[in-house]
Amino acid sequence: MKILTSQQIRYVDAETIKREAISSLELMKRASTAFYNWFIEKYSNKSTSVLIFSGVGNNGGDGLFIARLLHKSGYSVKVCIVEYKNQYSEDCAHNFRRAKAENISIIKIYNEDQIPDICKYDVVIDGIFGTGLSRDVTGIAESVIGKINESGAKVISIDVPSGLFLERKTTFAVKATETVTFQIPKLALFLPENNLFTGNVTIIDIGLNEQAISESDSNIYFTEKSEISKLIKPLNLFAHKGTVGHALIVGGSLGKCGSVCLASRAALKTGCGLVTAYMPKCGVQVIQINFPEAMAIEDRGERYISNIDFEIKPDAIGIGVGMGQNEETKKALHDFLINNKVPLVIDADGINILSSNHNWIELLKPDTILTPHPGELSRLVGGWSDDYDKIQKTRLFAQKYNLIIVVKGAYTLIIDSENIYMNSTGTPALATAGSGDVLTGIITSLLAQGYNPIDSAKVGVYIHGMTADFTTKSINPRSFVASDIIENIGNAYNNLEKIR
Ligand SMILES: NC(=O)C1=CN([C@@H]2O[C@H](COP(=O)(O)OP(=O)(O)OC[C@H]3O[C@@H](n4cnc5c(N)ncnc54)[C@H](O)[C@@H]3O)[C@@H](O)[C@H]2O)[C@H](O)CC1
Ligand SMILES: [K+]
């Protein structure tokens, strides 16, 4: 699904009206009805009292339309019009007149004293500003947003939290508990630093014109289940372990051999036919006992890797987990990179070593996948001033070296030289020791099975996140561990195959 800018959203909006020969009011009705349907499912008790703040643009128009729908079905509704300018949009003015005629309690707010006691209401609906926000919020809108945020009330924002800029850093906006956004994912809704404004984000369909969306030129995508599902390769009836890919995991050092066990196990569970672990001597027994399905190759180093040398011919290699940064290990990585021709995933200390030896990055073959967490990324690309700057710096880095960078975190970003893919699966349960090692194993396995590098990253990240999505009911996120990710890879495949 494409992520669009506010300007593109306006275009899709206008084209939907034109191509489907509907009025703008009809489109507002679709959006408001979709919001209403979401709301009544969540708050089915009609004694829920609702306070709606509406601006004077179309976001306010939605607020007023939603007020009418809720009032009609028996909810107790009060509307405050935040009149930050006296020129109402046509559809907002229409819904204002209709709401008044339907005897909904409405007041206009010009100063702070007129703001009702927000805490008295069960739910606040925020329809002050939507995607039309074009400058900093001031005056009465600023006061109202300040009061909403102070109140501690449960707030549901229509489309976007009021005050949130879609294309630049936001410092002041409604702090929503939930944001219910209309059909098009907006980048700002999924950036870590905006989470305090957006709360939980739900995307609802409002029947925008698909053709107009597909014509919009964007290189930022929100990965959807149907798309990932189509990428999954079918099993070959005549497959044997030698035909479905051999993954090699290189890593480990004294005290950190578990990372290689996790990555290797994850690789095999993701479906490649063979897994070999390349480890220092101290790791070989560990993996042979813990994970007998893996083969192991012993490095000449006792406690850390000192010379990466093997005779097997893997189809993909994942390198770096638990590897440490001993001088001999660094040299071994350098020599390995000079000679390697196999599709590669680099994680953890592999990335850290590259960060402190920037000229080695040029040794990487095009489309090598790097999987940094935020700390590793900042060492790799330099610090950033905000999330937009982080994306820009990572993108320039990916372009300069022709790499695929998997920026791990909530809504993991996969950035290559052309596109940005934002992952839509996962929960905070994944913030657990070994989670990254498992991801390295999953992506390496997909590469070994012949998926191209960008699909390996997209599918791998999606499956990894999905395992947490499934288990929230059966395993409390706090006690979800890396092995639980591995155990649920099969369930993730089943779920993806169900919709094919
Ligand atoms: N395609 C869709 O998704 C649909 C969206 N709808 C809703 O419409 C809004 C966008 O409406 P728009 O009228 O363009 O913008 P706003 O409601 O955000 O109004 C802003 C309004 O105020 C002016 N303005 C901008 N910044 C400021 C400021 N800081 N202070 C004061 N005034 C400001 C600006 O010029 C506008 O006039 C979208 O979010 C949805 O909620 C439709 O209902 C259906 C389809
Ligand atoms: K809003």
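From the backbone N, Cα and C atoms, a Cβ is placed for every residue, glycine too.
From a predicted model like this one, the values you see are computed outputs, not experimental measurements.
The local packing around L133 ((6S)-NADPHX binding site), expressed as other Cβ atoms within 10 Å of its Cβ over all shown chains, amounts to 22. Per TrEMBL, (6S)-NADPHX binding site is recorded for 58-62, 130-136, D159, G322, H373, D437.
What TrEMBL records for N59, D126, S162 is K(+) binding site. In the three-state DSSP scheme, N59 (K(+) binding site) falls into the helix class. Shown in sequence order, G127, I128, F129, G130, T131, G132, I158, D159, S162 are the residues of the chain, 6+ apart in sequence, with a C-beta less than 8 angstroms from the C-beta of N59 (K(+) binding site).
Taken from TrEMBL, the feature AMP binding site covers K408, G409, A410, Y411, T412, G436. K408 (AMP binding site) is surrounded by 23 other CB atoms, counting those within 10 A of its CB over all protein chains shown.
The annotation domain 'YjeF N-terminal' is assigned in TrEMBL to 9-214.
The domain 'YjeF C-terminal' annotation in TrEMBL covers 224-496. The average pLDDT for the domain 'YjeF C-terminal' (224-496) in the predicted structure is 97.
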Next on the checklist: Checking proximity to ligand 2 here: which binding-site residues out of S162, A410, Y411 have their Cβ closer than 6 Å to it?
Outcome noted: S162
Item to check | G436 (AMP binding site) in three-state DSSP notation | outcome: helix
Item to check | Annotated binding-site residues S162, H373, T412, G436, filtered by Cβ under 6 Å to ligand 1 | outcome: none
Checklist outcome for this item: H373 ((6S)-NADPHX binding site) sits from G409 (AMP binding site) (Cα to Cα, rounded, in Å) at a distance of 7
Checklist entry - Out of the binding-site residues listed (N58, D62, D126, H373), which are within 10 Å of G436 (AMP binding site), Cα to Cα? => result H373
